[in-house]
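As written in Swiss-Prot, here are the features:
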type     : residues                                               : note
DOMAIN   : 8-234                                                  : domain 'Glutamine amidotransferase type-1'
ACT_SITE : Cys89                                                  : active site, nucleophile
BINDING  : Gln93, Asn169, Asp172, His208                          : L-glutamine binding site
ACT_SITE : His208                                                 : active site, for GATase activity
ACT_SITE : Glu210                                                 : active site, for GATase activity
DOMAIN   : 235-430                                                : domain 'GMPS ATP-PPase'
BINDING  : Ser262, Gly263, Gly264, Ile265, Asp266, Ser267, Thr268 : ATP binding site
BINDING  : Arg336, Gln476, Lys547, Ile552, Glu553                 : XMP binding site
SITE     : Asp371                                                 : site 'Important for ATPPase activity'
SITE     : His388                                                 : site 'Important for ATPPase activity'
SITE     : His389                                                 : site 'Important for ATPPase activity'
Amino acid sequence: MEGEEYDKILVLNFGSQYFHLIVKRLNNIKIFSETKDYGVELKDIKDMNIKGVILSGGPYSVTEAGSPHLKKEVFEYFLEKKIPIFGICYGMQEIAVQMNGEVKKSKTSEYGCTDVNILRNDNINNITYCRNFGDSSSAMDLYSNYKLMNETCCLFENIKSDITTVWMNHNDEVTKIPENFYLVSSSENCLICSIYNKEYNIYGVQYHPEVYESLDGELMFYNFAYNICKCKKQFDPIRYHELELKNIEKYKHDHYVIAAMSGGIDSTVAAAYTHKIFKERFFGIFIDNGLLRKNEAENVYTFLKSTFPDMNITKIDASENFLSNLQGVTDPEQKRKIIGKLFIEEFEKAVNNIDIDINKTFLLQGTLYPDIIESKCSKNLSDTIKTHHNVGGLPKNLKFKLFEPFKYLFKDDVKTLSRELNLPEEITNRHPFPGPGLAIRVIGEINKHKLNILREVDDIFINDLKQYGLYNQISQAFAVLLSSKSVGVRGDARSYDYVCVLRAVKTSSFMTANWYQIPYDILDKITTRILSEVKGVNRILYDVSSKPPATIEFE
């Protein structure tokens, strides 16, 4: 989306895994954001209609050699033009370094939810953790060397309390505030938690307001965009796909579209919109890789044919090819690469059986913006957690033109589009299922026996969640088969069977997540049923890990 008609917030990426959540926060308040890497050249931004700048967090230490920094001329341009700057975590530390402050390793690293005190001259006596920072016996002593404001900093305007809960994730902290900066918040373990410069309209926070666990995070972005940057012109991010579809419509008479269809919401909604344009020149391909859930291959194909009776859809059974190539493979990234490679090979074989001109063919993908960010930030800035199946497995010599109408949208945006299309609720509310399928839910080596055990466990778990009315309250739920076995008793005999883990999480973004507290009586019923009906399992565990430090999937 070009967005010239909108007031822009420039978001500069220092490699944060939460980077896309900044964009999402801005989308939520109808602000257009332009994203660039930290090393952007001045010539590339001077002609933009920039109303403000946000500096993201990142996995580096700002004081280490080779860590990412803004170009000096770019930072000085922001100061010269007095473009408001909002630094988040690493971004705040970058501001401190650029303006002759100091950053050092934290004595106490902070991770997760933390209460932050918003500071003013009239409320510092309420601070109770003074002795955490040396010998200060009172708040007056503690803050005597810092400039405090008489009024609440405008970044925190309309926050109802002087204490707000935020998401922390840092090892370093600012230890010396640059000259002419105010100290505007502190936490129990981080004295300099937020800073503000009135002359240049610069704001820095050590925490992550973009993460949904930061209770007043969206309000901070609203204050920055509308009250500080004075943005006025709004845009509707969910209409992005309309522009993409309009751009591709000119090809509908002499081009084709092919799509890998899984039955998931992203690929299904993308196919529904694109099929409306290309009609008989649209071809959907559903590949059964042998790694799907119980009866899923047949159920998905039947669903797609009944929902889109006029759509060309081909089903390919490639299960034996996938399973034979995965034999003996235990490393999860290797599994993903093998599956990605085989998928492309099978897909290309299927396409070659269709009478179309490959040079005039688009490959439709339901890639979402979080897919791109979580897999790999530009220039390897961000630590790669996992290769995403939509963006990690595509070959460099891809023969098709790539069409990704949802690449700047988020999951809830696609759900809105699904409802606009009146697609069945089973699609709109379907939990995410990874591209590599059960390959990354069977820990270690994969074989048919393990897959069948996992299918039965997962089927009982999901169906019971639906029966008890919990499924739609949960963001994602699934079962995992561990590689280890445990000793048990069946009847009077010893058993030595697999251990299964049940996982259910609640999340708004899938970048952070909390484990879902299934009522104990329901969890007991589900567990009892699994152990009674599924052979090969004698122990069930329930995962109570949040993300971070865990990821949602095990592999």
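Every residue gets a Cβ built from N, Cα and C, even glycine.
The ATP site is set by Ser262, Gly263, Gly264, Ile265, Asp266, Ser267, Thr268; from the centre of their CB atoms, other residues of the chain with a CB within 8 Å are Met261, Val269, Gly366, Ile427, Arg430. The recorded positions shown are Asp172, His208, Glu210, Lys547, Ile552; of these, the one with its CA atom nearest the CA of Ile265 (ATP binding site) is Ile552. A gap of 41 Å separates the Cα atoms of Asp172 (L-glutamine binding site) and Ser267 (ATP binding site).
Thr268 (ATP binding site) is surrounded by 27 other CB atoms, counting those within 10 A of its CB over all protein chains shown. Note: Gly263 (ATP binding site) has non-local neighbours Phe286, Glu296, Asn299, Val300, Phe303, Leu304, Ile427, Arg430, i.e. same-chain residues 6+ apart with C-beta under 8 A of its own C-beta. Neighbour density for Ile265 (ATP binding site): within 10 A of its CB lie 23 other CB atoms from the protein chains shown. The L-glutamine-binding residues named in the record, Gln93, Asn169, Asp172, His208, extend over a maximum Cα to Cα distance of 14 Å. The most densely surrounded of the binding-site residues Gln93, Asn169, Ser262, judged by C-beta neighbours within 10 angstroms, is Gln93.
Counting only the Cα atoms, the space from Thr268 (ATP binding site) to Asp371 (site 'Important for ATPPase activity') is about 17 angstrom. The separation of Glu210 (active site, for GATase activity) from Gln476 (XMP binding site), Cα to Cα, is 21 Å.
When the alpha carbons of Lys547 (XMP binding site) and Gln93 (L-glutamine binding site) are compared, the span between them is 24 angstrom. Residues Gln93, Asn169, Asp172, His208 make up the record's L-glutamine site, and a Cβ search at 8 Å around their centroid adds Gly57, Ile88, Cys89, Tyr90, Met92, Met168, His170, Asn171, Glu173, Gln206, Tyr207 from the same chain.
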